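Okay, structure first, notes after.
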Amino acid sequence: MRFLVACLVIALSVYFAFHGLEYDNGFIRFTKRSPANRTGVKAPQKSPFEEDDLMTWYMEDSDRQSYSLHYDYYQDSCPTAERIITRGIRELYDAKPSVAPSLIRLLFHDCFIEGCDASVLLDADESLTSEKEAPPNLSLKGFDVIESIKSELETVCPGVVSCADVLVLAAREAVLMAGGPFYPLETGRKDSVVAFKEIAERELPKPQASISVILASFATRGFNERETVSLFGAHSIGITHCTFFEDRLYNFSGTGKPDPELDTGFQQELKTKCPFSASAPSPGTGIGPSIPASDYGGVSSAGGGNDGVIDLSYNNEGGEENFGTRYYKRLMQKKGLMYADQQLTGREETEMWVRAYASDTQLFRRDFAMSMMKLSNYHVLTGPLGQVRTTCSKVLPKN
């Protein structure tokens, strides 16, 4: 009976995600979408998100790696867990909205490197080197937020809720608070007992990465072009520093000239905020953030240089309902900030989705929700494969 109920919940969740599940003032609602292509963009003959394929993918993925993940995993052991996480993020967001992009970025950095196992939260000790020390992770924020929520959970349900689950649920709430879509998540992840600093250094894609490198990096983790482009929509919130794109303004590819693909008006606007700095690092030499990520704060470069800050939301352009959409519209206008961003318009298989998301908000929200679900379930540890840390920064001692 429990198996049948679980299957029904999964089927309903996929249906809602496909038809545009939304969260509105405490209520979940969905709107029926027309099957017609309303974007004016030529779509693939067979969408990767057709309803039948979604169910097949979701069930196969669950059978393969999420055998002990399910909805309301903590219903009996810690029934208030998700409410505690939700309340914590909402209260913090009201006081400090920048927590949203920080947590989204933290989730990506965790899941992209060996899966969603909270390994990025671990501090270094005598037995491991921390992923926090990898150059792309030096500017990560939000560790204190996860630790604070975990501490509250430990007072209510000690040793029950994993740090990996806290992170994916906190990131989902951050997306929602920032104006993004709600998406259902199974729980039951376990925490890693090891960290992967060298892999993080090597495999987190850089802001200067070519489109080929970006697509290959995501493809090795099972993400196709459509899913990859949708995840980049997180670049519509947060901040970044001038040093991560300054070469596009003054010395693109060593030419001593600006990037010709950058809109000239936007170029001049950026130059007023990011004046030329002779000490600015050349592309690929600084300590850069990974992508997709939406909060390039903190450490800006290895060699100093220009440390001006750019608001990626452009003063919340279009309002919160334009989460994601504003990013794609700016790409169509050649106003992508990072080199990796603008390259999404350089290939037909990615440009078609940039154009589609720029013109169809609901299509983006649905696809972003599905891609975040997939990212949050990537390579998870379950059952005896991991542990439940009591402090997110420290592995439990061996018995």
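Each residue's number is its place along the chain shown, starting with 1.
Any Cβ shown, glycine's included, is placed from N, Cα and C.
TrEMBL does not curate its annotations; it predicts them automatically.
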Disulphide pairing with CYS78 per TrEMBL - partner from CYS7, CYS116, CYS157: CYS157
Recorded disulfide partner - CYS392, candidates CYS111, CYS116, CYS163, source TrEMBL: CYS163
Nearest-integer angstrom distance between the alpha carbons (Cα) of SER119 (Ca(2+) 1 binding site) and ASP311 (Ca(2+) 2 binding site): 29
Residue among recorded positions ARG105, PRO205, HIS235, ASP311 with Cα closest to the Cα of ASP117 (Ca(2+) 1 binding site): ARG105
Nearest of the recorded positions (ARG105, ASP110, GLY115, GLU131, PRO205) to HIS235 (heme b binding site), judged by Cα-Cα distance: ARG105
Within the predicted model, mean pLDDT of the domain 'Plant heme peroxidase family profile' (68-396): 88
ASP110, GLY115, ASP117, SER119, GLU131 excluded, remaining Cβ within 8 Å of their centroid (Ca(2+) 1): CYS111, ILE113, GLU114, CYS116, ALA118, VAL120, LEU121, ALA164, SER192, ALA195, PHE196
